[in-house]
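Lifted from TrEMBL, the feature list:
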type	residues	note
TRANSMEM	C:22-43	transmembrane segment
DOMAIN	C:67-449	domain 'Ammonium transporter AmtB-like'
TRANSMEM	C:78-96	transmembrane segment
TRANSMEM	C:103-122	transmembrane segment
TRANSMEM	C:142-161	transmembrane segment
TRANSMEM	C:168-187	transmembrane segment
TRANSMEM	C:199-217	transmembrane segment
TRANSMEM	C:229-248	transmembrane segment
TRANSMEM	C:268-287	transmembrane segment
TRANSMEM	C:299-318	transmembrane segment
TRANSMEM	C:324-345	transmembrane segment
TRANSMEM	C:357-379	transmembrane segment
TRANSMEM	C:412-433	transmembrane segment
Amino acid sequence: MGNCCEGVENFFGRQKNTNIRISLPAVCFVWQIAMIILFGVFIRYDKESDVRKWIEYKKSHNFTSDAENDFYFRYPSFQDVHVMIFVGFGFLMTFLKRYSFSGVGFNFLIAAFGLQWALLMQGWFHTLDPADGKVYIGVENLINADFCVAGSLIAYGALLGKVSPVQLMVVTLFGVTLFAVEEYIILNLLHCRDAGGSMVIHAFGGYYGLAISRVLYRPNLHQSKRLMGSVYHSDIFAMIGTLFLWMFWPSFNSAITNHGDGQHRAVINTYLALASSVLTAVAISSMSQKKGKLDMVHVQNATLAGGVAMGTAAEFMISPYGSLIVGFCCGIISTFGYLFVTPFLEKYLKIQDTCGIHNLHAVPGMLGGFLGAIVAAAASVEVYGKEGLTQTFGFEGNFATRSVLTQGGFQAAGTCVAVAFGLVGGTIVGFILKFPIWGDPADDNCYDDEVYWEVPEDEETLPPVLEYNNHMIHKHQDISESNFSVEQS
Amino acid sequence: MGNCCEGVENFFGRQKNTNIRISLPAVCFVWQIAMIILFGVFIRYDKESDVRKWIEYKKSHNFTSDAENDFYFRYPSFQDVHVMIFVGFGFLMTFLKRYSFSGVGFNFLIAAFGLQWALLMQGWFHTLDPADGKVYIGVENLINADFCVAGSLIAYGALLGKVSPVQLMVVTLFGVTLFAVEEYIILNLLHCRDAGGSMVIHAFGGYYGLAISRVLYRPNLHQSKRLMGSVYHSDIFAMIGTLFLWMFWPSFNSAITNHGDGQHRAVINTYLALASSVLTAVAISSMSQKKGKLDMVHVQNATLAGGVAMGTAAEFMISPYGSLIVGFCCGIISTFGYLFVTPFLEKYLKIQDTCGIHNLHAVPGMLGGFLGAIVAAAASVEVYGKEGLTQTFGFEGNFATRSVLTQGGFQAAGTCVAVAFGLVGGTIVGFILKFPIWGDPADDNCYDDEVYWEVPEDEETLPPVLEYNNHMIHKHQDISESNFSVEQS
Amino acid sequence: MGNCCEGVENFFGRQKNTNIRISLPAVCFVWQIAMIILFGVFIRYDKESDVRKWIEYKKSHNFTSDAENDFYFRYPSFQDVHVMIFVGFGFLMTFLKRYSFSGVGFNFLIAAFGLQWALLMQGWFHTLDPADGKVYIGVENLINADFCVAGSLIAYGALLGKVSPVQLMVVTLFGVTLFAVEEYIILNLLHCRDAGGSMVIHAFGGYYGLAISRVLYRPNLHQSKRLMGSVYHSDIFAMIGTLFLWMFWPSFNSAITNHGDGQHRAVINTYLALASSVLTAVAISSMSQKKGKLDMVHVQNATLAGGVAMGTAAEFMISPYGSLIVGFCCGIISTFGYLFVTPFLEKYLKIQDTCGIHNLHAVPGMLGGFLGAIVAAAASVEVYGKEGLTQTFGFEGNFATRSVLTQGGFQAAGTCVAVAFGLVGGTIVGFILKFPIWGDPADDNCYDDEVYWEVPEDEETLPPVLEYNNHMIHKHQDISESNFSVEQS
């Protein structure tokens with residue numbers, strides 16, 4: 001007992017103040033009121049969601065049918081993306097044995113927080129009407145807001161278990177802001193195509209999270225080692241997240257591509273890449289273990305790498321077998337990442353990456369950006385048709401004369417911009433998070449829902465009670481056993 | 001052991017007859033056969049789901065495309081609503097430690113039971129063709145049937161753990177009937193708009209459940225206190241319900257609004273109100289606890305209040321910042337309800353409300369009804385356009401000359417009708433449920449799946465067995481420990 | 001301890017080699033590379049997913065809107081089907097107490113593996129362009145690939161817990177191949193209609209799995225009896241699978257039916273049949289138990305029988321009450337199957353059917369096939385209209401003169417073909433699986449994730465650790481209890 005009691009003393013000696021009773025409500029209220037004011041000033045329904053404007057628009061375009069409303073082209077995909085953001089990311093982060101409340105709960109909080117800011121930031125940069133200074137929103141803005149938030153949720157994956165909800169809101173606030181700026185540079189100034197966000201979402205979000213995690217390095221994190229792993233049922237909860245991400249990734253990559261063939265093709269490409277990366281992720285997982293046993297970490301994560309990597313190229317004519325090759329390679333790379341790179345990063349680069357976002361988002365996203373550059377550079381009039389080339393790459397207006405080779409170069413440059421934004425932005429945000437005011441947990445208190453949640457009594461206490469109950473109903477009373485139960489409970 | 005044995009005797013002394021072997025199958029069979037006969041007499045495919053009629057309809061309207069079939073406007077929303085009814089409501093009610101089977105299972109049963117009756121009842125009131133006395137159904141009827149059932153599922157939330165499945169079927173039978181009548185009064189006679197059902201679904205369902213719960217008040221419910229709370233994993237299961245409700249609520253509120261801008265706008269408004277109520281619910285939850293810790297009950301429920309409150313106004317031009325304000329207020333009100341009103345109701349008004357439907361459905365629904373009245377009364381030709389005003393509020397036929405102010409008054413009246421129907425109907429149904437024939441559980445047997453389900457052996461017995469197994473495969477055999485295991489199992 | 005130690009020796013004596021470190025990665029890699037090559041040779045985007053072709057197609061057909069792209073008619077249904085395949089089937093198979101990783105994980109693996117092969121096989125048989133030997137794919141092919149894989153996943157249901165992942169890949173490889181052939185015979189040569197696959201998916205898949213299971217009969221399977229049941233939380237995980245299957249079955253049966261009324265009607269019929277089978281399944285389940293308690297096995301499975309049985313007839317004018325009758329009967333038949341036929345099959349026919357696919361897929365599928373025959377034979381011009389009859393049954397080209405009676409006969413013949421393919425194919429595949437090279441588990445090692453997965457440490461070890469932690473934070477230190485915890489952990 002001696003050691004144990006010393007532990008307790010030590011513990012209280014080092015305990016951080018994790019009380020967020022003032023900071024969390026303050027941030028929530030101040031922020032939400034700010035949002036209401038800014039929305040009041042800037043945000044309006046667009047011509048397809050405003051009743052007066054839609055009636056006028058239909059008349060002026062001689063539409064006979066409401067089916068032309070963008071809503072019907074995008075809403076099913078939006079709902080799939082929405083599921084990915086809240087259930088996909090949320091449940092993927094429930095895998096820790098005692099951090100599932102925070103995994104799914106804080107994901108919920110920061111996504112709902114971030115998407116409002118994203119509507120504003122992206123609106124100012126992309127859909128501000130210079131005539132009246134208003135931002136007009138429709139379903140495509142909602143999809144983009146979800147996308148924008150995804151970058152910060154990816155960063156949460158690296159920080160899972162080591163930060164407070166207030167810190168996460170700071171991460172999201174800056175994450176969304178940085179996202180909107182890099183997206184403006186990449187999509188508007190460089191005129192890249194990146195419908196599924198290999199660059200702007202995954203590469204940016206991945207390196208953003210890794211940089212923050214580097215600055216927040218905890219040398220004594222091993223003190224929370226007892227809570228670092230999963231338990232049987234938490235791994236199954238995480239599979240809910242994995243599967244909803246996997247199934248709906250075709251919608252993610254096609255949600256904002258061109259109507260018609262664009263959405264259709266992006267779905268096919270993503271579907272194939274994902275199928276392919278399941279097989280190679282499983283293969284490498286099995287090969288890496290003496291008895292060939294599979295590792296849930298790989299099945300939960302590396303199987304998704306194909307979807308990340310197709311984020312840019314999904315809408316291009318990469319061809320079905322090309323998609324399979326992308327998934328093939330990324331399944332391998334991602335699983336190898338979990339096996340070798342994550343331990344390396346922790347040991348030598350002092351980057352503690354709880355969910356392994358390096359292997360699932362940062363690297364596959366960056367590779368996906370460069371892949372997009374290559375596929376764009378290889379585009380030809382024979383394959384796309386002249387009109388198709390214009391449509392697919394948006395060679396219109398200022399960019400009407402751009403060649404596919406130039407486009408490829410800009411795509412590659414865009415990838416570098418995304419990575420740079422992630423690294424630099426993450427470093428700065430990391431230092432902001434080091435201020436001792438955010439209520440982050442102590443080193444021996446990480447990965448523990450107890451810190452920020454009212455956790456129900458242990459399940460441990462349940463079975464004796466139930467046993468007691470069952471006894472009364474079904475079973476002969478065994479005196480000695482009952483005694484034991486009572487003592488235990 | 002003395003006390004324990006006495007407990008057993010007491011127990012058998014007070015035990016109610018919970019055997020439902022005759023009553024449950026009898027209700028199921030009689031009812032299902034009645035449904036078959038009534039469907040045979042009344043229900044037919046409508047012009048968009050009948051092959052002969054659809055071909056004729058297309059010809060007579062010069063439609064060149066099947067895309068004009070209402071199916072393509074409504075089916076994605078229908079599927080989302082369907083998920084809310086079965087997974088959303090079902091899993092939200094799995095939060096109790098030993099009542100998850102009943103939570104999700106009885107929800108499944110009564111929803112499947114109720115939707116058939118709803119098709120008939122709503123059909124008779126709304127889509128009966130007077131020419132031939134038939135009810136013609138299409139996808140919109142399926143959505144409305146799901147909506148209608150939702151009212152009774154809300155009531156189940158108040159009764160969770162305290163009633164038998166046979167009682168739930170009675171609740172649903174009357175609930176659906178009352179719903180169809182109040183809906184007819186509110187939507188047809190008063191000509192209110194209520195696409196997402198703040199009034200007809202949430203206010204009605206909430207007060208219906210509360211009134212029943214009041215009549216069925218159990219003064220000795222504390223005898224089941226051991227089973228009243230959640231355990232760690234049951235709270236995560238409940239989050240599945242919460243998230244699917246939260247994500248798909250925009251589809252719920254837009255499922256039967258006008259094509260085009262109507263559906264589009266309802267989605268945007270609901271999305272924003274929901275995001276806003278997440279932040280205020282979390283803020284109040286954190287403020288209410290000494291250390292600022294969050295309470296899962298609030299995160300699971302109060303985050304949804306914005307969606308409930310937007311049920312009526314979502315299709316109106318409430319404007320994006322208006323939606324944020326609605327969510328802001330309702331997140332606060334709902335969380336305060338869980339903190340203060342639920343205990344008050346139980347202590348002083350003798351209303352035991354297991355899931356807190358008072359705070360999630362009754363009050364936000366009623367507020368949503370009055371909100372709709374205000375927004376309707378404030379409508380103007382400048383904002384909606386003349387044609388838009390007619391479309392949005394249905395100022396056609398008998399109601400062509402109605403002003404927006406009058407409309408606002410009727411909306412408010414409709415809300416009162418819904419609340420009255422809930423309270424009066426629930427009181428009557430409550431007394432019906434007091435007959436001692438329905439197999440409801442004893443006071444010390446509530447919240448327990450054992451009463452109505454074959455529950456698998458405790459998880460408790462699992463680990464020793466596994467340990468035993470693992471020993472054989474992986475570990476050195478420790479004699480003394482193995483002995484212990486064998487004894488235990 | 002004596003017996004126990006002998007058990008250990010026995011165990012190692014009989015232990016099979018379950019090391020799949022070479023075989024599983026080898027199959028994955030070889031197969032995935034083969035897929036890449038074959039896709040490179042054969043698979044191309046079709047006219048609606050290829051940018052150049054879609055632009056040309058739109059011009060040649062004078063389409064003004066991209067809404068005519070088949071993507072918008074089918075993609076929402078595709079996503080629902082996708083959820084059924086991966087979450088529905090996957091989570092339905094998590095019900096065993098220690099086989100949930102394999103249930104959902106191997107389902108994931110073989111579905112991702114099989115759908116690629118399905119695209120090729122079905123492409124060669126159905127959509128090969130003879131002009132250039134290419135297969136052109138779009139969203140309908142993706143749906144069909146998911147359908148094709150479903151046959152093998154159904155077979156997995158019978159084999160759950162008793163086979164290795166390598167064996168499952170063999171099952172899938174042959175399963176998909178046989179499926180494509182029987183589908184070609186049934187749909188193209190016999191010209192049957194089977195949009196939801198009562199015949200080609202469920203009857204085939206069911207009997208395929210049962211035949212394999214018969215050949216692989218394990219007389220000593222009782223040695224794994226300790227792992228055969230469910231635990232409380234695994235049953236709730238399985239309900240996720242059940243509900244997503246149940247909710248999305250209308251999309252399954254309507255995904256590839258005719259645009260417009262065809263999809264619309266298939267949804268209505270399936271929705272009603274499913275609702276009806278919930279009630280009768282629950283009724284029989286309750287009747288079968290002395291106290292009227294419900295059995296989760298029935299609720300998880302037999303409630304779905306109505307959807308299986310409507311697979312063929314859903315697109316016909318079976319009328320709403322007809323659908324209710326189908327669900328009524330199949331709910332009863334399926335539950336009786338679980339009660340009486342599954343034990344009978346195991347005892348007398350030596351068929352060990354883990355998930356009871358006989359009762360959920362084989363019999364309802366076969367009945368659905370014959371039902372389709374009857375409904376087709378009863379079709380009339382009065383009900384369908386002349387044009388409608390042609391459209392619904394495809395009485396065009398070579399089949400322009402076929403009568404509905406003949407069609408009924410062919411539908412019945414098609415059902416027999418499906419069953420025959422399942423039985424004969426399954427028997428052959430069963431013998432292939434008997435080669436001692438596939439790494440299947442020993443009889444006393446079935447239903448155990450430990451064999452093929454890195455399973456996290458028992459939850460058993462969790463509570464003491466947590467208790468220890470909580471003590472430090474919240475509670476007074478009880479010396480004796482803490483000693484106990486330390487000893488245990």
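Cβ from N, Cα, C; glycine included.
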Report, as numbers and ranges, every residue of the chain located at least six residues beyond the transmembrane segment (C:199-217) whose Cβ falls under 8 Å of a Cβ in that stretch; write 'none' if there are none.
147, 150-159, 162-163, 171, 175, 178-179, 182-183, 186-187, 192, 308, 311-312, 345, 349-353, 357-358, 360-366, 368-369, 372, 414-415, 417-419, 421-427, 429-431, 433-434
Near the transmembrane segment (C:412-433), which residues from the same chain, at least 6 beyond its ends, have a CB less than 8 A from one of its CBs?
155, 163, 167, 170-171, 174-175, 178, 181-182, 185-186, 190, 192, 194, 198-200, 203-216, 362, 365-366, 369-370, 372-373, 440
So what's near the transmembrane segment (C:229-248) in sequence-distant terms, Cβ-Cβ under 8 Å and 6+ beyond its ends?
80-81, 83-84, 87-97, 100, 274, 278, 296, 299-301, 303-304, 307
Do the transmembrane segment (C:22-43) and the transmembrane segment (C:103-122) share at least 3 Cβ pairs closer than 8 Å, excluding pairs fewer than 6 residues apart in sequence?
yes
Candidate ranges C:78-96, C:268-287, C:324-345 - greatest C-beta contact count to the transmembrane segment (C:357-379) (under 8 angstroms):
C:324-345
Between the transmembrane segment (C:142-161) and the stretches C:78-96, C:103-122, C:168-187, C:299-318, C:324-345, work out which stretch tops the count of Cβ pairs under 8 Å.
C:103-122
Using a Cβ cut-off of under 8 Å, list the residues of the same chain at least 6 residues beyond the transmembrane segment (C:78-96) that approach it.
103-104, 107-108, 111, 139, 142-143, 146-147, 149-150, 153-154, 156-157, 160-161, 227-230, 234-235, 237-238, 240-242, 244-245, 248-249, 251-252, 255, 296, 300-301, 354-355, 447
